[in-house]
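Visitor: Quick one: the structure is below, questions incoming.
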Amino acid sequence: MWWCRPLVLLPPILSTFTAAGLWVVYFIARHNGKVLPLTSAYRKKNGSEYPPYISFTGNFPPTSCYFSEILNLTAFAAFVVGILRYFQVKTKLDKRWLNIFSLVCFSVACFGMTIVGNFQLLEMWVIHNGGTLLAFGLGNLYCWLQSYITWKVNLNNQGKVFAICRVVLSAAITFCIILQRVLVVIPHMHTVRCQWAVVMLFLIYISTFAIDFRHCRFEVVCRDTVERKDWREDPDGYPDGKEQEPEQEPEQEPE
């Protein structure tokens, strides 16, 4: 018998297909001569080739179409993972506001991801960069919050071990984001590599939720709502769902 539940596979499938899709977009953009290879040194004036930032690889057609579709699907699937994680720890975390705040942060980060995918950098750079800030900033905050929640909930006495792993991943993401901001003042290919590292680390972090989901079973319950009939119109119906006792005639006093 297969002991794994289907939703256990959602986080790793999400991470794997997103990473594969982004690399496919990069290789297509590289083949079309739109971006430089990641292994090259940065050249300030290199004709029509741009540094291989993720946004540049998905800026020109046909890769822009693939890029938008990949990020839209990723944002939706990631939002589902966030919802499932919220319900998983809803009754196990004493600080419920922290669970709600974590879900809100991740939801806005997913929304920022759709902005990045649908507003190309060279056409609408202000909106695109705003989406990038939401996706990376709130996404990193979500990673730190979930690391703390993993430690506090401690599912099956395994949470503290996984919490340490998630703290390491969160710290690596934060370090790469800070390093990217530091290196952006000078044109350097290390900035591009830091951006790719941040995205890959995010995807690895999301895939770790499969470890938590194997302890839970999620079900969707659908019930039909039965409307109560008016007891005045239905001879078999009774108010408030209770059968009323028949009214007794008052006893007549003997004359």
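The backbone N, Cα and C atoms fix where each Cβ goes, glycine too.
Here's the feature list from TrEMBL:
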| type | residues | note |
| --- | --- | --- |
| TRANSMEM | 7-29 | transmembrane segment |
| DOMAIN | 8-215 | domain 'CWH43-like N-terminal' |
| TRANSMEM | 70-87 | transmembrane segment |
| TRANSMEM | 99-119 | transmembrane segment |
| TRANSMEM | 125-149 | transmembrane segment |
| TRANSMEM | 161-183 | transmembrane segment |
| TRANSMEM | 195-213 | transmembrane segment |
| COMPBIAS | 230-245 | compositional bias 'Basic and acidic residues' |
| COMPBIAS | 246-255 | compositional bias 'Acidic residues' |
Visitor: I'm a bit unsure how to read this: which one of 7-29, 70-87, 125-149, 195-213 has the highest number of Cβ pairs shorter than 8 Å with the transmembrane segment (161-183)?
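Guide: The listed stretch sharing the most Cβ pairs with the transmembrane segment (161-183) is 195-213.
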Visitor: Compute the average pLDDT of the predicted model within the domain 'CWH43-like N-terminal' (8-215).
Guide: 89
